[in-house]
């Protein structure tokens, strides 16, 4: 970033703190004004939940500019997401304008607000040449990381035991976990390898029990050996990224740290350009990010940066992203890491007045955070301003989870009946898997509902079978998924037959041990996780033998036949395979019958959201990514709720920074929330970076003795640290509510052998609740009893089942009749007399439709989602679009459209290496028009280019309106000012609409992480061999969307 001249003098307008209140129109409190008007020096602001930190940061910029200390373009603000950066930038700009500090001139430069990743990227872009690094690499994010990791595993050139032992969908995530941790803490593979080997020596020398190693020591040695193998894969992964020209944000960050460390002129130029730096959400920064900022904006003496005015804002009580590499100790260490110019620690300020929640809700939040405040540097206790109401708190205890969720859904209905909008209610859960069950309860009651993020989608009834089938295709030992599908609503294989199938699986691998009963066999086959020893239920389904009942045999064989057909397409591009699975399962048809395909569309778009960088996209990589999303939902840009009037369902992790009038916190049960996950132990988890190597090593528990006793002590300390992490989550969850907080727990769930009871979090809320109810707790688990007494497996939704069965009967009857009228009559839908009456109604309906068409104004309910082509129709002629939407009549496909589809299919197949057998058999006779298009295409520039992707599905959320479609092709850019080129094929003479490319451009930018300014767009007119480059600005989408609001 080049140093820029300072031509204009700063504007001096403010002399008193009241000036900033008057300029912004906000009556700031005394504690806020102390922060806003504090001296221009290093400082950290501990801002509790709901205390208005963004408003305070914007006001501080206004004060600094208004008092003449800096100019707007000398301000640098950094935060985590593009949305947060845009919001902070907008707040600052609005405050400056309102304060009269920006109206007299058009600034050549404005205040700069970026994400932390974008800031690191700019440093590398402008100064990476100093390191000898090539520029213009493509960004690798999301599913593409997992696909590339899986490719490394599949192509590794020597045998590794870990590849043989670990399930196919597990290993990519473990590889990437270790790689990400090394990047977050700037640790090289060599350093990890050296430490691991030294630790193995110490574990081998640990005290024994009568000459035998303790089991835990054996586990530590096994984990160390696995980490050494993972390191080989990490190095291969990094090498592959370099060879194909892709980078991750972590790579850019590491390069930026190198630039900062080794080139003093870069540090000096940045401090000269910016006179104040604001760091948002500092508790979520990684050790690498803190190192970059400390190196750039602090130093050993004032001449080299000590005392530079950096302001960090955050809340240690909301440090909930430790699993993603965040180092919560960064905000606690800030005063020493960024000292004043005289070497004394930076000032620490606190914001404690919460302007969001009622007083009773704040009391719950404070009580949940009490253990956190007892730790060193704990966060603040929240208070409400004068005049704020108490809010309401309700606590329920239920016998079973089913009772709990049914009551929740009914309560949502009741609160809406009192005037609370759907969009003002949210359900927050600790685990994504619960969201699917909540969603089903709400949908059963016709409540509009939205799951925020991909993780929750995976547990919906129409998505879960797709994911399970994909896992079976990727892993022949996916026994839990095979069992789940066979016993599910579609196949309904009974428990006895499933047990016999498990016995057959054991027989096929030569198992000798005799097991006592059906449940013993199932537990061994389904639960055992060793891929070397586990029998395969899929193998048994393909060869079930003679033990099953006749009906069970028929169903299992039909299931196996479907899986076999899908296995033939296992290596197809992932989006096509996902679509094929959905079609095979009949889910899209079923959802069309129910009138809602939006969740399936979101899932398909998510599976295709990351570009296939080298045309080797693989299934196992996708599934590893889905598992990671289910566990964490750790996309770099967190999914945000739409503005649609619907109840929002999301995990607590995703809820940070959001708020609603009413918040439901279900399942505050022991073992659920707080979670008992204890996977963060580096001694037994090979994918964890050893804690002594972490940048925040001084702030986390450490193994002090390489012995069984030392490991036991270390585990206890990790347990306490994990509980504190759960306390932070609970604090975040409770403080999302403005006026109404409802918590609940259950005692019994499927599989529990004893009642669990409510957790500490439920007890804390219950003690402060206005209303408390408790159901009588059963002595034994009522859920298994109910299952044993009912038909097993469950029959599913009776309404949906009856609709499917009736549709099936009608189809079967239709096979034996001729003509539509006879079928309608024989199906029982109408008698012959009724058919004559229906004909009269048809004539009357035609007349009424003609009259209605003449009306000038009609209301049409628009769907939540539109295809890109529908969006263009809407923008071009809203009335015609509304007419078609209202009548919902099928349109006969035009010949040009059919030709276009065949041409697009041909382009897709052309870029593959060779057609499959099915394609060769099914190829139709040559069409002269198609042949001419093919010959013209072969003369184009694109015939000689390799695309990044073809027919790429997408789902774009534009202010709550879901736009979907397929991008014809994406190529590497043809100039240095862009990263990619999006091309849409045009085969006819119709005018090309830039709106189409604007939608494609924005969709690709958001999915890939490439700035939209770096995405070029063009129409290629095939017959004329003419490429028409189009600007396609985002304003086209906004203008079209405005039509919806009018």
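Quick reminder: no glycine exception, Cβ is built from N, Cα and C everywhere.
Automatic, uncurated: that is what TrEMBL annotation is.
Given the structure is predicted, the values throughout are model-derived calculations rather than measurements.
TrEMBL lists 47, 48, 49, 50, 51, 52, 53, 54 with the feature ATP binding site. What TrEMBL records for 26-358 is domain 'UvrD-like helicase ATP-binding'. For 359-657, the entry in TrEMBL reads domain 'UvrD-like helicase C-terminal'.
Annotated features, which come from TrEMBL, shown on the structure.
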residue : record           : CB count, 10 Å
47      : ATP binding site : 27
48      : ATP binding site : 25
49      : ATP binding site : 25
50      : ATP binding site : 21
51      : ATP binding site : 24
52      : ATP binding site : 19
53      : ATP binding site : 22
54      : ATP binding site : 17
Look up residue 53 (ATP binding site) in the DSSP assignment and reduce it to helix, strand or coil.
helix
Does DSSP give residue 47 (ATP binding site) helix, strand or coil?
strand
How does the model score the domain 'UvrD-like helicase ATP-binding' (26-358) in terms of mean pLDDT?
88
